[in-house]
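One structure is given below, encoded as structure tokens.
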């Protein structure tokens with residue numbers, strides 16, 4: 001509660017107290033309180049006059065002052081009771097309960113609660129963006145960073161060189177807009193940064209502001225829409241009005257998909273009209289926006305497929321910049337940027353770490369370096385070395401070690417042969433990711449063991465034989481259990497899910513079926529993010545085709561299972577030897593794995609169907 005409101009309450013209660021004291025003090029000095037029995041005696045004697053009778057009291061005056069009082073007051077008593085008490089010669093009076101404070105609280109307390117609630121919400125709204133009170137609910141609430149407030153530059157952003165080159169034009173425009181107008185060119189009104197989470201979209205936007213040394217307005221799409229109708233549109237207007245006053249500047253809207261979803265989609269419920277109204281206002285502001293005003297609009301999203309087409313047309317967000325996962329060179333650059341923040345070992349091989357972190361985003365790499373530093377801290381080391389990074393990668397990829405999860409001897413044996421089956425199949429095929437470590441120490445939520453494979457290079461395409469090899473590697477654990485123990489366990493459930501997904505993709509998405517031919521049976525739905533089970537659910541085929549697809553998937557998996565069984569049977573001695581070493585050591589490193597796999601026998605290089613077709 002601010003100072004004026006606090007003073008108001010003090011003054012209010014002070015005035016109320018003064019009136020109450022006056023009524024109690026001065027009233028008691030001029031009026032005598034007498035018993036009802038005395039009042040009856042005075043009436044019989046004719047010593048009272050000017051009576052005022054109310055429901056509970058009788059007020060009057062003495063004809064002759066008594067004890068210095070001219071007036072009196074008494075509480076009324078029921079006539080029958082008064083007559084009975086008078087007959088008994090008893091002095092009596094009636095006490096009236098004082099309800100002043102109760103009556104006062106009955107209306108003061110609710111009023112105070114209402115005022116307190118009002119002031120609480122008013123203060124909450126005031127805290128948002130430095131605004132003052134509920135009357136400022138239509139303010140945008142964007143966080144403003146002054147010209148020198150953004151400490152990020154392009155030197156702090158690595159691994160996204162193409163995106164940096166695109167955005168460098170924005171910096172040049174903000175610094176010297178006349179250069180772009182020399183030949184009649186204009187800067188795009190809006191630039192949309194698109195990419196998976198953690199790739200550095202927000203960091204890039206801050207770097208643009210830091211390089212250009214201009215004010216930077218930052219707000220998320222969800223901050224525009226509130227419970228009050230019309231608030232979102234008002235905040236959009238206020239944001240652009242502030243930006244025009246402080247031009248040149250940058251407006252950055254993070255998570256644009258929260259604000260710019262396609263309008264009129266069936267199934268949208270509460271707040272739908274409010275969101276559409278807010279989006280319409282944003283579209284109107286972009287239309288009336290002059291690209292020469294010195295205000296650049298940047299936005300970021302990882303779900304461009306849900307954005308309204310009107311938002312992406314030319315003249316609004318007319319340039320899209322892809323901020324993708326970094327490649328090996330990009331990961332190496334990101335590692336070098338973040339390694340400056342820790343005490344790394346001078347002998348650390350950054351290039352090797354870049355190979356180990358395939359698929360990592362910039363945020364993942366930053367988290368990896370922090371985890372590695374924590375691992376080194378726990379072992380009381382002076383610097384962070386490569387072993388710390390490997391341990392951190394295992395923790396991130398496979399989960400935390402669960403040494404307290406004790407397995408019995410049979411379960412340990414099953415897990416050891418299961419993981420060794422994966423490792424043998426992975427080492428048989430040159431195109432499969434290299435095995436770096438095998439462990440039977442439980443990790444994460446449900447993994448009782450793991451075979452760590454990391455790619456040696458970035459891959460963007462996979463051939464049909466490589467996908468079939470991958471299925472064989474995944475089936476290696478289940479087939480090894482069956483070969484050694486004559487039965488299977490539930491440990492391969494996750495492997496079988498991945499096997500089914502790959503086989504289904506071969507048939508329905510990639511047109512790699514030898515029976516059904518070059519036909520795609522599931523159309524992509526356009527999802528940018530790779531969500532498991534989503535993105536390819538538009539079915540466009542008959543029940544007969546569905547039956548043929550199921551048969552082809554079963555045939556592919558069966559052929560790969562047979563190939564896996566033959567390969568493991570040919571290397572049964574290595575399977576048993578490797579499992580025994582795992583049971584003894586619990587973990588096998590890459591050199592130990594290479595030594596173990598020297599005498600592998602390559603058996604049946606192609607699945608059964610391919611061999612039949614080649615005859």
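Glycine residues also receive a Cβ, built from the backbone N, Cα and C atoms like all the rest.
The annotation topological domain 'Cytoplasmic' is assigned in Swiss-Prot to 1-7 (among others) on the grounds of sequence analysis.
Taken from Swiss-Prot, the feature transmembrane segment covers 8-28 (among others), and the record attributes it to sequence analysis.
Annotated topological domain 'Periplasmic' per Swiss-Prot: 29-99, in sequence order. The topological domain 'Periplasmic' (29-99) scores a mean pLDDT of 67 in the predicted structure.
Taken from Swiss-Prot, the feature transmembrane segment applies to 100-120 (among others).
Among the features that Swiss-Prot reports, topological domain 'Cytoplasmic' is placed at 121-615 (among others).
The ATP binding site annotation in Swiss-Prot covers 195, 196, 197, 198, 199, 200, 201, 202 and rests on sequence analysis. Counting only same-chain residues six or more apart in sequence, the Cβ atoms lying under 8 angstroms from the Cβ of residue 197 (ATP binding site) belong to 302, 361, 363.
In the three-state DSSP scheme, residue 495 (Zn(2+) binding site) is classed as helix. Listed in sequence order, 474, 475, 477, 478 are the same-chain residues six or more apart from residue 495 (Zn(2+) binding site) with CB atoms under 8 A from its CB. Swiss-Prot lists 418, 422, 495 with the feature Zn(2+) binding site, giving sequence analysis as the kind of evidence.
Under the DSSP three-state reduction, residue 419 (active site) is assigned to helix. Counting only same-chain residues six or more apart in sequence, the Cβ atoms lying under 8 angstroms from the Cβ of residue 419 (active site) belong to 438, 439, 440, 449, 450, 451, 477, 582. The annotation active site is assigned in Swiss-Prot to 419.
Comparing the Cα of residue 422 (Zn(2+) binding site) with the Cα of every entry in 195, 196, 200, 202, these being the binding-site residues, the smallest distance points to 196.
On its own chain, residue 200 (ATP binding site) has 157, 159, 160, 323, 361, 362, 363 as residues at least 6 apart in sequence with a Cβ closer than 8 Å to its own Cβ.
In this structure the alpha carbons, written CA, of residue 196 (ATP binding site) and residue 418 (Zn(2+) binding site) are 34 Å apart.
Taking the Cβ of residue 202 (ATP binding site) as reference, residues of its chain lying under 8 Å away and at least six apart in sequence are, in sequence order, 252, 254, 300.
In sequence order, 193, 300, 302, 323, 361, 362, 363 are the residues of the same chain, not among 195, 196, 197, 198, 199, 200, 201, 202, whose CB sits within 8 A of the CB centroid for the ATP site. Applying an 8 A CB threshold to same-chain residues 6+ apart, the list for residue 201 (ATP binding site) reads 193, 194, 195, 254, 300, 302, 323. Packing around residue 199 (ATP binding site) is summarised by its Cβ count: 26 other Cβ atoms lie within 10 angstroms of its Cβ, all protein chains included. Of all the binding-site residues listed here (418, 422), it is 422 whose C-beta has the fewest other C-beta atoms within 10 angstroms. Reported as a whole number, the C-alpha separation between residue 198 (ATP binding site) and residue 418 (Zn(2+) binding site) equals 34 Å.
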